[in-house]
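A.B. asks: Attaching a single structure in structure tokens format; questions to follow.
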Amino acid sequence: MATTSNITKQTLEEEDALLFHGESEPDLEIEKPAKPPKTWRDKFLGIIQRKKGISNINMAMYYVVVIVIISGINFLGSTGPYVLTKFAKVPKSEQGRATGDISLFTECVKIPCIWIWGSFSDSIRSRKPIFLIGFTISALAISFIPMTTSFYTLLATRMSCSVGLAALLSVYLATIADYTSIKDRGKATGLVGLCLNIASLFNSFVLVNMPVWISGDGKGYLTTTQAGYVSFTIMSVYLLLVGVLSLFLLHDGEFARKEKKFNKNEIAKPKRNIIIRTITIFVEAITAMKDPLVALSYLAAFVSRMDANVSSFNSLWLIGELEEAGMSSSAALSKYGQISGTCSFISILTAPLIGLLSDRMSKTLLMSIITLFATFSFGSVLLVPNLQGWWVYPFFASMSISGIGVMVSSNILIAHAAPQEVRGSVMGLYNLMGSFGLATANKVGGIIYDINKRNPYLLITGSTAVLFIVTSIAMMLQLGRWLFGKSRQLSMIEGPQEKEEAAKALLVQVQ
């Protein structure tokens, strides 16, 4: 009887870890136990265990690359209204639709290119050339932006830039898995989230202020338009320089050392047509939706990218109001950078905090709480009369926290739910759903923005509310299955004393 009771208690603890706290099954990838590090230098920043062959310089350069990639993407988004006004000569009344069209077509370019670049990096067994190619294409495209004279030439330039950005996005997240051990990969990924905030601050306080600093707000030797030429040239050189440094300071590590083993395994496999292989990838990713958490992750990817895209409408609305009030385009861009940077600084600890909470509570419960907060944050646009008062700071800050929160929690959810054997396929469809969400927010939001500036925010509010409802239902179903399983296990325990002890343990876990 005692043996049966002990086994049942152990089963209770194991199932509680799997169901109630949302822990996933361990990865099939098993690393050999390593000796504990002798000094803090054996770990990056003293907390992240590196894989064999990876140095602290490689790790530091990787995080610099992440900051540069994200700051470049943010720079393109923040300077959108400035470019439309100064170079493309698009009227204010049409800039909402123009912004939506640019984002839609650039996403249509990114979606296939990300898959192509990712497959290419796998075939050559190296990430470094992809980083160099991506930075080079992006730098060249950005250098041509000031030369655009119409909407269509600007669109062509931005689509060319998307080819380079797709190369960078296809490998920058995969590299962290090449560099870090499994046990510290969560910390390393959390540090990536912190780099996203640093990139946003760097863009807000430095990059978008370059036209004002160079022109002296129109009072120097250069006009604001000429300062724009110089600013985009500096940005191009900045990207190209980091691309060259990445070729020398990054390392392919274990990813490259597995080449011989990879080739031997591939020889034994029959070659499949690329079309059949692509169809197989889609089928694997779709059939994974049998797990409700995977299906929820796909929806979360769609909504989270819509939420994160709200910054493009923030810049369009705020810069437009400041220009109508008599401020120059470069000064309005600088003012937007100050406000956006301040709000980004407030939300800088959001990603690490969510990472810590995800290890201590159910992933679905965390997602439900964050989406509820996000729904109220985006919906508060109905309470904002304009963007020229003190209220713009809490408004922008709450939306910044919400956007980062929904994105990070959805990334955590898919990392937890994706089956190990088809993880690559699932992550591919997850990113694809995110691209669809971003394209939807930009295209539909751009059209309805020209009708009313608050409409895109209400669109995002509705999508976030739907995610909250679906997540709450999933959480209740998960909790119901857990409680039903516990009640069945309690009924199997023999002896009143053992039942009482198990019931007390269950009550503590629920509380």
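Just so you know, glycine gets a Cβ as well, placed from its N, Cα and C.
Keep in mind the model is a prediction, meaning the values are calculated, not measured.
Heads up, here are the entries from TrEMBL:
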type	residues	note
TRANSMEM	60-82	transmembrane segment
TRANSMEM	102-118	transmembrane segment
TRANSMEM	130-149	transmembrane segment
TRANSMEM	155-176	transmembrane segment
TRANSMEM	188-208	transmembrane segment
TRANSMEM	228-251	transmembrane segment
DOMAIN	293-511	domain 'Major facilitator superfamily (MFS) profile'
TRANSMEM	336-357	transmembrane segment
TRANSMEM	364-384	transmembrane segment
TRANSMEM	390-417	transmembrane segment
TRANSMEM	429-451	transmembrane segment
TRANSMEM	457-479	transmembrane segment
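What's the neighbourhood like for these features in this structure?
C.D. replies: For the transmembrane segment (60-82), the list of distant contacts is 44, 95, 99, 102, 131, 138, 142, 158, 161, 165, 168-169, 172, 175-176, 179, 191-192, 195-196, 198-200, 202-204, 207-208, 211, 228, 235, 238-239, 242, 245-246, 249-250, 311-312, 315-316, 319-320, 329-330, 333, 336-337, 340: same-chain residues at least six beyond its ends, Cβ to Cβ under 8 Å.
Residues 44-45, 48, 63, 66-71, 74-75, 78-79, 173, 176, 179-180, 235, 333-334, 336-338, 340-342, 344-345, 347-348, 350-352, 355, 404, 408, 411, 415 of the same chain sit 6 or more residues outside the transmembrane segment (188-208) yet have a Cβ under 8 Å from a Cβ within it.
Residues 53-55, 57-58, 61-62, 64-65, 68, 72, 75, 82-83, 86-87, 127-129, 131-132, 134-136, 138-140, 142-143, 145-146, 175, 179, 207, 210-211, 214, 222, 330 of the same chain sit 6 or more residues outside the transmembrane segment (228-251) yet have a Cβ under 8 Å from a Cβ within it.
Per-residue pLDDT, averaged over the domain 'Major facilitator superfamily (MFS) profile' (293-511), rounds to 76.
Through the fold, the transmembrane segment (364-384) approaches residues 22, 293, 296, 300, 303, 307, 310, 354, 357-358, 391-392, 395, 398-399, 401-403, 405-406, 409-410, 412-413, 454, 457-458, 460-461, 464-465, 467-468, 471-472, 474-475, 478 of its own chain, all at least 6 residues removed from its boundaries and within a Cβ separation under 8 Å.
With a threshold of 8 Å between CB atoms, the same-chain residues lying at least 6 positions outside the transmembrane segment (457-479) that come near it are 19-20, 292-293, 296, 299-300, 302-303, 306-307, 310, 313, 362, 364-365, 367-368, 371-372, 374-375, 378-379, 381-382, 402, 406, 437, 441, 444-445, 448.
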A.B. asks: What else in the chain is close to the transmembrane segment (429-451), if you only count residues 6 or more beyond its ends and a Cβ gap under 8 Å?
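C.D. replies: Same-chain contacts beyond the flanks: 93-94, 96-104, 107-108, 110-111, 114, 282, 285-286, 297-299, 301-306, 308-310, 312-313, 316, 414, 418, 459-460, 463.
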